[in-house]
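Trainee: Sending over a structure as structure tokens; questions will come in a sec.
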Amino acid sequence: MQRCAATSVRRIKATTTRNRLHTRTSEAIIQSVVPKFTQGARRIPDHSFELQFTFDYTKNQNKSLGSGMRVHPHSSASMYKRTPSKDYTNSVELEDGSELLQDDIDNFQESTDPSPRHSLPHVLVASLVSFLFGYHLGVVNEPLESISHDLGFSGDSLAEGLVVSTCLGGAFIGSLFSGWIADGFGRRRAFQLCALPMIIGASCSATTNTLTGMLIGRFIVGIGLGIGPPVASLYITEVSPPAVRGTYGSFIQISTCLGLMGALLIGIPVKSITGWWRICFWLSTIPSTILALAMIFCAESPHWLYKRGRNAEAEVEFQKLLGAANVRSAMAELLKSDRGDENDTVGISELFYGRYFRVVFIGSTLFALQQLSGINAVFYFSSTVFRSAGVSSNLANAFVGIVNLLGSIIALLLMDKLGRKVLLLWSFFGMAMSTVLQVIAAGLFASTSGALYLSVSGMLMFVFSFAIGAGPVPGLLLSEIFPNRIRAKAMAFCMSVHWVFNFMVGLLFLRLLELMGAQLLYSMLGTFCLVGVAFVKRNVMETKGKTLQEIEIALLPQEYSEI
């Protein structure tokens with residue numbers, strides 16, 4: 001009897017030990033597995049976290065698991081609540097179904113990697129804005145002499161300068177209102193509204209017989225150019241999967257380069273064909289019309305729809321952009337962001353005070369440093385430098401355009417591999433080193449062939465360095481770091497800063513060159529580039545591979561830390 005009793009006690013202890021080991025093993029497995037089933041966490045009133053499973057387990061699936069893992073469905077999706085207690089051990093039993101569970105995990109992980117092919121057509125249509133931006137900036141460069149002759153202001157440098165710069169004035173006005181248009185009418189409608197003044201303005205410039213008509217047309221086109229680029233940055237950022245958002249964002253810079261080169265090529269016959277400059281303006285209405293019509297078939301930004309409280313429509317648009325398998329995960333991420341009240345409006349003062357000040361300061365400073373680097377002055381002055389080296393202006397523009405395009409393509413390939421911050425750092429540093437070559441060329445080897453070749457090399461290196469980082473990254477980065485609630489209006493403000501500094505640099509560069517000399521002026525531009533390196537290293541966070549909601553939480557932690 002005693003031997004039987006002892007044997008029974010040992011069996012009971014062994015069973016108890018196995019049960020405890022099984023419980024601890026089950027808890028460990030659950031803790032490692034459950035996060036893979038979940039979309040993420042969002043706050044709920046009882047200060048716990050509600051984690052939503054991304055796929056359902058039906059009764060049939062529970063039966064097939066037998067004594068394995070049983071998940072009890074909660075409405076359309078299983079819910080798991082992480083609380084200080086370990087209640088999950090009662091709701092989830094995991095024994096022999098680990099192999100089947102692993103298969104489900106693998107299938108889940110495959111479904112969470114959205115295919116870029118769904119969103120690519122929408123991004124390509126949006127990139128037409130950047131093509132038009134580059135085209136309209138370059139369309140008057142080659143034909144300007146013919147335009148001034150036909151319209152009767154030949155030899156008037158002020159009038160010729162106005163034909164070029166009036167477009168920038170219109171762009172500044174358009175950029176001021178781009179955020180309110182994008183938030184009020186939606187991203188798709190904003191694209192159509194920016195295409196309209198580009199069609200009207202180009203038609204006005206193509207048909208005019210007076211300088212006044214040309215200036216009015218250029219100003220109207222400028223309004224469309226001011227509205228379009230900020231909306232394009234917003235839209236591409238909001239519709240792109242995180243894994244390729246940087247690559248798609250680089251399409252903006254590449255499209256701008258193609259627009260500039262397109263304007264150069266189309267303008268070549270202007271000296272041999274009378275009135276060809278009118279054809280140059282008419283041709284720009286074709287991509288504008290395509291943009292307006294193609295946007296009818298493109299998806300609306302789910303982020304804008306969510307901000308307007310139209311969650312059901314946001315799910316439909318996510319299905320177009322990411323595929324049906326990723327709709328729920330995308331919506332779960334979107335629910336983390338700060339939508340604000342449906343009738344809530346963002347005032348200008350909110351961009352300068354409080355918790356949004358830091359991101360707006362980073363964005364506006366990046367655009368200011370981009371222009372203070374002197375890139376547009378280099379573009380304006382490139383023809384003169386190349387002519388000094390015995391290269392024609394057409395060939396010089398082709399060189400600059402090809403180098404700019406090559407750098408933009410490299411940025412596209414590296415944006416989602418190295419990251420935004422790394423490209424910005426090397427870009428500003430490369431531009432600083434390029435200005436050193438320009439300073440040496442202006443001083444040590446003045447008036448020699450060595451100085452000319454060194455100056456040309458420095459200029460091409462400057463353009464290449466700009467194209468791999470400082471050109472494409474700020475527009476993409478800003479639309480990533482701005483919270484959903486202020487994204488459109490903050491982009492509008494920062495683009496306004498961009499246009500102000502663009503205008504100032506273009507206006508003052510030649511005057512400063514006369515007063516300071518090339519050596520001192522390039523030294524000043526190089527200093528601004530080094531300031532850009534220090535600013536990026538200190539203030540800019542890496543956004544590669546992160547969702548917009550993860551970036552928002554990282555930059556605005558106080559919003560999510562109040563429990």
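Yeah, the Cβs are placed from backbone N, Cα and C, and that goes for glycine too.
Bear in mind that the values here come from a model prediction, so they are computed numbers and not experimental data.
Annotated region 'Disordered' per TrEMBL: 64-88, in sequence order. For 120-138, 158-178, 190-209, 215-236, 248-270, 276-298, 359-383, 395-415, 422-446, 452-478, 490-510, 516-536, the entry in TrEMBL reads transmembrane segment. Here TrEMBL flags 122-544 as domain 'Major facilitator superfamily (MFS) profile'.
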Trainee: Could you check if the transmembrane segment (215-236) is in contact with the transmembrane segment (120-138), meaning 3+ Cβ pairs under 8 Å among residue pairs at least 6 apart in sequence?
Mentor: yes
Trainee: Would you say the transmembrane segment (359-383) and the transmembrane segment (490-510) are in contact under the rule of three or more C-beta pairs closer than 8 Å, pairs 6 or more apart in sequence?
Mentor: yes
Trainee: Quick one: find which recorded stretch in 190-209, 276-298, 395-415 has the most Cβ pairs under 8 Å with the transmembrane segment (158-178).
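Mentor: The listed stretch sharing the most Cβ pairs with the transmembrane segment (158-178) is 190-209.
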Trainee: Quick check for me: are there 3+ Cβ pairs below 8 Å between the transmembrane segment (359-383) and the transmembrane segment (452-478), leaving out pairs under 6 residues apart?
Mentor: yes
Trainee: In the same chain, which residue numbers or ranges, 6 or more beyond the ends of the transmembrane segment (190-209), come under 8 angstroms Cβ to Cβ?
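Mentor: For the transmembrane segment (190-209), the list is 126, 129, 132, 136, 151, 170, 174, 178, 181-182, 216-225, 227-228, 231-232, 235, 278-279, 281-282, 284-285, 288-289, 291-292, 295.
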Trainee: Which of 120-138, 276-298, 422-446, 452-478, 516-536 shares the most C-beta pairs under 8 angstroms with the transmembrane segment (248-270)?
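Mentor: Going through each listed stretch, the top one turns out to be 120-138.
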Trainee: What mean pLDDT score does the domain 'Major facilitator superfamily (MFS) profile' (122-544) have in the model?
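Mentor: Mean pLDDT across the domain 'Major facilitator superfamily (MFS) profile' (122-544) comes out at 85.
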